[in-house]
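Read the structure below first, then the notes.
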Amino acid sequence: MLTSLFIGMVSVQLIVLVLILHGIGSLSDNGPLVIDYYKESCPHLEQIVQRNVEIAVLREPRMAASLLRLHFHDCFVLGCDASVLLDNSESIVSEKQAGPNKNSLRGFDVIDEIKHTLEEACPLTVSCADILALAARDAVVLRGGHRWDVHFGRRDSIKASLEGANKFLPAPNSSLEILVANFQQHGLDTQDLVALSGSHTIGKSRCFTFRQGIYHDEEQFHLKRDTTYQEILRSLCPESGNDDELAPLDSATPARFDNLYYHNIIQGQGLLISDNVLVSEDVGGDIRKLVWNFANDQDFFFHSFGNSMIKMGSINVLTGEEGEIRRNCRFVNTK
């Protein structure tokens with residue numbers, strides 16, 4: 001009996017070793033996704049993506065926030081499957097036309113360049129969905145955030161959902177109740193909500209998206225804005241016109257990934273309604289407590305943000321024989 005048990009244990013170990021040697025990756029607690037999925041099949045993946053993201057962010061610092069947002073907008077519609085990258089075609093109605101994305105979502109050219117380079121280095125190997133996840137991580141690190149391990153093995157969708165993009169992406173004027181429900185639909189809890197909201201420590205937003213909060217909805221959302229900050233916003237964004245005028249999401253350190261976003265919303269200096277409601281609408285106090293904890297401990301925020309990004313990055317992923325590995329991230333493969 002002991003001999004049989006020993007043989008069984010050796011067999012399991014050999015199976016694991018074979019999987020790793022064939023590039024399927026080491027086992028992890030992140031479901032079907034693994035850290036070293038491309039170790040054998042595309043060993044220079046991370047260096048290629050990092051280099052391209054560095055060039056893009058050096059050229060335009062705001063691109064870091066755009067690449068992070070691109071991954072978020074992908075995962076919240078159908079799952080992390082690169083459906084957000086698909087252009088219109090005979091069979092596809094692009095998610096780029098959705099209200100939250102149109103004339104707003106950026107970074108597609110950066111992903112195109114990364115994909116082109118990877119197709120030369122390791123053809124038909126790395127999915128566009130995995131590129132999005134890795135580019136988002138590298139963008140955060142370049143702006144001062146901490147590194148987290150990206151898990152790989154996603155495959156690309158052969159469809160898009162314009163309806164889903166209009167339905168599932170949280171609006172900038174969302175109430176706390178709507179935000180919590182939206183995140184729960186995707187398997188994310190309130191700590192994930194507060195941590196991922198911290199992505200607003202970098203980037204900018206258009207007047208069109210924050211006008212409502214500085215003129216009309218203070219009582220409805222119990223907002224207590226800093227009066228000087230509100231006047232600054234009103235000078236940038238009148239009640240009509242200037243829709244595309246930009247304001248930083250984090251007025252303190254707009255180009256650095258840190259925890260000052262949480263200081264801002266505590267002080268009534270959050271740009272969007274969806275930022276401020278984390279404090280103003282939290283009747284129970286648990287969410288407000290998380291905001292304070294992140295404001296007081298940047299390392300705790302960084303750790304939580306990384307964990308929540310890993311969790312978000314596994315939403316409804318396609319793996320195995322599902323979907324495909326696109327040659328061009330903008331189009332499904334032709335048969």
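Yeah, the Cβs are placed from backbone N, Cα and C, and that goes for glycine too.
Residues or ranges marked as active site, proton acceptor in TrEMBL: His73. His73 (active site, proton acceptor) is surrounded by 22 other CB atoms, counting those within 10 A of its CB over all protein chains shown.
The Ca(2+) 1 binding site annotation in TrEMBL covers Asp74, Val77, Gly79, Asp81, Ser83, Glu95. Sequence-distant neighbours of Glu95 (Ca(2+) 1 binding site): residues of the same chain at least 6 apart with a C-beta under 8 Å from its C-beta are His73, Val77, Ser83, Val84, Leu86, Asn101, Ala160, Ser161, Leu162, Gly164, Ala165.
Within the same chain, the residues at least 6 positions away from Pro170 (substrate binding site) whose Cβ sits under 8 Å from its Cβ are Phe76, Ile178, Leu179, Asn182, Ser274, listed in sequence order. Positions annotated as substrate binding site by TrEMBL: Pro170.
Under the heading heme b binding site, TrEMBL lists His200. Listed in sequence order, the residues of the same chain lying 6 or more apart from His200 (heme b binding site) and placing their CB within less than 8 Å of its CB are Leu249, Asp250, Tyr261, Gly270, Leu271, Leu272, Asp275.
If you look up TrEMBL, you'll see Thr201, Asp250, Thr253, Asp258 marked as Ca(2+) 2 binding site. Counting only same-chain residues at least 6 apart in sequence, those with a Cβ under 8 Å from the Cβ of Thr201 (Ca(2+) 2 binding site) are Leu249, Asp250, Thr253, Arg256, Phe257, Asp258, Asn259, Leu260, Tyr261.
The domain 'Plant heme peroxidase family profile' feature in TrEMBL is assigned to 32-333.
Feature annotation from TrEMBL assigns site 'Transition state stabilizer' to Arg69. Its Cβ placed at the centre, Arg69 (site 'Transition state stabilizer') has 22 other Cβ atoms within 10 Å.
Within 10 Å of the C-beta of Asp250 (Ca(2+) 2 binding site) there are 28 other C-beta atoms, taking all protein chains into account. Each of the binding-site residues Ser83, Thr253 was scored by the number of other CB atoms within 10 Å of its CB, and the largest score is that of Ser83. Rounded to the nearest whole angstrom, the C-alpha distance between Gly79 (Ca(2+) 1 binding site) and Arg69 (site 'Transition state stabilizer') is 14. Counted within 10 Å of its Cβ, the other Cβ atoms near Asp258 (Ca(2+) 2 binding site) come to 19, all protein chains included.
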